[in-house]
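> Okay, so TrEMBL annotates it like this:
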| type | residues | note |
| --- | --- | --- |
| TRANSMEM | 108-126 | transmembrane segment |
| TRANSMEM | 146-172 | transmembrane segment |
| TRANSMEM | 192-225 | transmembrane segment |
| TRANSMEM | 312-336 | transmembrane segment |
| TRANSMEM | 356-378 | transmembrane segment |
| TRANSMEM | 455-473 | transmembrane segment |
| ACT_SITE | H469 | active site |
| TRANSMEM | 479-498 | transmembrane segment |
| TRANSMEM | 510-528 | transmembrane segment |
Amino acid sequence: MQRSRATSDSSVDFLVLQKLRDKTHASRAMLIEQLNKELTEMVDECFTDISSLSSRNGRLESPSSDVLYTNRRFSTSKAGQNVLPSKQFVPRDSLLTELFRINHFQTIFHIFTAILVILFMDNILADLLGERGQVPINLRFDLFFYTFGNFLTSLGIWLSMMCSTFLIYPAFHSWASSDLPRSSKDYFMPGYYGCTINMYLFVSLGSWNIVFLCIFIGYLVAFIYSPVYHLLDNNLPPASSAIVLMEQARLLMKSYAFVRGNIPRVLQHHAANKEEKSVPCPAFHQFLYFLFAPTLVYRDSYPRTKEIQWKFVFSNFVIVLACVCCIYFVCVRYTLPVWGHFGQEPVSIRSIFLSIFAVMIPSTLMALASWFCLLHAWQNAFAEMLRFADRMFYKMPEINCSISASQCYLFLHQDWWNSGSYARYYRTWNIVVHDWLYEYIYKDLYESGWFKNRAIPMMAVFGVSAIVHEYILAVVFRFFFPVLLIMFGFFGGGLMFLPRWEGSRAWNVFLWASFSIGVGTQFSFYSMEWYSRINCPQYYQEWYLDMLVPRCLTCHLDRDWGNNSLFSINKAPVHSEL
């Protein structure tokens, strides 16, 4: 009887506890549902306000002071043209500078520093304990000194380019201060001179404009030809040639930006029939600051910091030196030996594929180190010395609040390394060059009104970028091998039209995998052609055919290697030391 009563009491207790548990679960579910509803409404309201502000102001200023480009047509000129937003400069640090203030990201940086130290130790131990067994230790800087050779000649070419760039200012000042013919004010509305191919409007204003235009075009042609002539005449090595050519491209873009950015306001000044004696031309110190500022878009003034942190400058230059050493050791130890004997022995399609995959990871590491060296450390060092406050040299997210609030949040906080599409990667990995291409090519072509969609201006941007990159590589290596032009200009342009899956891990993995494959393939093909021209005789006697036709395709035509031709499949990859 007592046992039955105890069993009954325990059953009642169990039912009470079960009922209480069910009520607790129901209350928790209701609370979570209500909380989610409240948070969703709050976030949706927040992004609705952001959308209304961005559509009213034409640009967005986030709490972190990021002024972002938008894909909206937020204004229309009186001539009926669509006017795109312009570059906005605001004080902000680089993204990695902010992230390195967090201990976890500092640890990642320390890991890469440790990898660099291990690379040094690997080379030292290879000399002491390896097959070479040589004393003293040979860090094999002979290739380094070769690639950066003829320093004084390179410095002389750079100084001549800088001096010739200074001539832009007095020439433009003379044109701006001259008595230009007056015209109707309607011709000088914002956006009317947006398209540089509408130069007939500029020329129609007077013969002095024609003279200035011809002088400027002649200057650009001479600026392209003269450094290349002296570079080839003095036979500068690859790294020195690359420095000269990249500086040539930088100064060309700055010269064009200064002239292109100031012509409209000069014409507007003269069209207004003002009798004042002031010259509508920037001061020389503004032009001089622009030449050295880490931006390619001209403005009369930029946001400035209050003081220079020399410790920050020094640390960034140390990072530059460390990145150069890292790239050099990875290149010498893990990539060049794979292709060092190409052309001396028969190879096969199988060996080529295996060798390409063997250098993909080292090539990707060199590409990332180059990006970190040039677009973070180098740019931040000069920005700090010049007190240049806008340091967004990479990572330019866009806003699209037509999607849900959670997706919009992810869309606003995407970085180039988290990109889910090549369209976003191309727009965010190099903001310095992207700003120039957007401001003076894409924006000008689109605002001309000749193109109803943005595909043609976008492909024009890809074409110009691919041609300039291929031009630099052709002069550096002394041969034309359009691997980058094909992969970047054609395949890269096609990848722009793939669907965007922002926040998708699968697409981000695809981007990184394809990026590594592309970098490894490009490095391999250029290495094959470089060593083919060292190890193989010249096949075509005509210099232009020898430069245009890849020698790696003709390297095996005059060799008696039997069946071991380029297209055999029974050879292993060739690995050798330099």
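Along the chain as shown, the residues are counted starting at 1.
For all residues, glycine too, the Cβ spot is worked out from N, Cα and C.
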> Is it the case that the transmembrane segment (108-126) and the transmembrane segment (510-528) touch, counting contact as three or more CB pairs under 8 Å in which the residues of each pair are 6 or more positions apart?
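By the criterion, they do not touch.
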> Looking only at residues six or more beyond either end of the transmembrane segment (455-473), which have a C-beta under 8 A from one in the stretch?
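Counting only partners 6 or more residues beyond its ends, the transmembrane segment (455-473) has Cβ contacts under 8 Å with 242, 245-246, 249, 433, 437-438, 441-442, 445-446, 480-482, 484-485, 488-489, 492-493, 496, 526.
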> Under 8 Å, at least three CB pairs between the transmembrane segment (356-378) and the transmembrane segment (146-172) (pairs 6 or more apart)?
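Contact criterion not met.
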> Counting only residues 6 or more past its boundaries, what in the same chain has a CB within less than 8 Å of a CB in the transmembrane segment (510-528)?
335-336, 338-339, 342, 352, 355-357, 359-361, 363-364, 366-367, 419-422, 425, 473, 477, 481, 483-484, 487, 495, 552
> What three-state class does DSSP give the residue listed as 'active site'?
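Reduced to three states, the DSSP call for the residue listed as 'active site' is helix.
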> Let me check the 10 A CB neighbour count of H469 (active site). How many other CB atoms are there?
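Neighbour count, Cβ to Cβ under the 10 Å cut-off: 15.
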